[in-house]
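Trainee: What TrEMBL records for this protein is below:
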TRANSMEM  87-107  transmembrane segment
TRANSMEM  113-136  transmembrane segment
TRANSMEM  157-178  transmembrane segment
TRANSMEM  210-227  transmembrane segment
TRANSMEM  336-356  transmembrane segment
Amino acid sequence: MLRSFIAGRQILSCGRGLFFGPATKFSVKTSSWGFVSSRILSTKPNLCSCQQQNDLQKTTKLPDGFWKEVKTKVTPYAQLMRIDRPIGSWLLFWPCAWSIGLAAAPGCWPDPVILGLFGAGAFIMRGAGCTINDMWDRDIDAKVERTKGRPLVSGQLTQTDALALLAAQLGVGCAILLNLNWYSVVLGASSLGLVVLYPLAKRVTHWPQLVLGMTFNWGALMGWSAIQGTVNWSACLPLYAAGICWTIMYDTIYAHQDKVDDALLGIKSTALRFGENTKTWLTGFAIAMTSGLTTCGLVCHQTWPYFASVALVSAHVAHQISTLNINNPQDCARKFISNHQVGFLLFLGILLGTLLQGPEKKQLPKAQIIHEKQLVMQ
């Protein structure tokens, strides 16, 4: 039995717990004394649950170096997709949005789900187009001042890395496309040839901007088919043609930034084709664009807000052309980016114009119109 117990130190209590002194002397037998080592009875206070939780959070928190490493690995892929330059995604999205808005029922808003799908698709497929372009142009980009810092040129990514990214982009794009009706799926898949061929066009023709226009404005056909299940060619073809003219205008302005390097490398573009007559050519395309938009509005029985927006777009484009300095790369870049406003103005006009349409202006298939006329005659 325990015969005696001699306390070495007073037991203290505090908000952080209990602790013992450095040693405690005790006797089990009369002839034996022992000392409990300080290794057994700790001199450190016990931690309360709050402090233990805080320490646990500190130990599980990821170090700053981890996030820096993630950023270092992800940034080249983001640059390859041009995430830092969203203007291209917007220019790809606007023709889709125009067509979706025009295909909406009179007096109604466009379908937000379809708009969201096309917005996501524009972001992904624009990135895929940039990946393909950089894979084709790696050797050329290394010789151009503006593009020599791109990931494939600088060695941050390899061709294999780019190919893996492209596969992922096309996979996501396909998943988005499969949410549409089968007519739109087939129509969308048929544009992939243009996406692949555009980077090659600059090597064989002075009109690569025409190929880009055909690619970037494919959504003018797909947007309508996604809503109606088919394409109203009498409305969509003028819209598509207007979009192509618009793309030729803004991409010619963009190409003037690199015309010196392109001429030395043998790369062709409308900027080099038009030369000092660029403003005259752009004026002609602007007139054609306005004519196409006006024709489309008449076919769709649009109301005055639509035609007012077409007038504003025409004025905006005219100001771009009249103030353009083709020998100033900074001015060309500003004019190119301002085309985002062109897309938004027209989309706003389509929204308001469709909302003001009456039910009697709803477009009917030709077969249904003929059938109704026959019923009236009977």
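Keep in mind that glycine also has a Cβ here, set from the backbone N, Cα and C atoms.
Remember, it's a predicted structure, so these values are computed and weren't measured experimentally.
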Trainee: Which stretch, 87-107, 157-178, 210-227, 336-356, tops the Cβ pairs under 8 Å count with the transmembrane segment (113-136)?
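Mentor: The listed stretch sharing the most Cβ pairs with the transmembrane segment (113-136) is 157-178.
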Trainee: Within the same chain, where does the transmembrane segment (210-227) have neighbours whose Cβ lies under 8 angstroms from its own Cβ atoms, ignoring anything closer than 6 residues to its ends? I mean 6 or more beyond.
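Mentor: For the transmembrane segment (210-227), the far contacts come to 91-93, 95-100, 102-104, 110-111, 114, 117-118, 122, 129, 180-181, 183-184, 187-188, 191, 194-195, 197-198, 201, 235-236, 239-240, 243-248, 251, 270.
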Trainee: Looking only at residues six or more beyond either end of the transmembrane segment (157-178), which have a C-beta under 8 A from one in the stretch?
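Mentor: Distant Cβ neighbours of the transmembrane segment (157-178) are 76-77, 80-81, 117, 120-121, 124-125, 127-128, 131-132, 134-135, 138, 151, 184-185, 188-189.
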Trainee: Taking a Cβ cut-off under 8 Å, which residues six or more beyond the ends of the transmembrane segment (336-356) line up next to it in the same chain?
Mentor: 87, 90-91, 93-95, 97-98, 101-102, 104, 106-110, 246, 250-251, 253-254, 293, 297, 302-310, 312-313, 316-317, 320
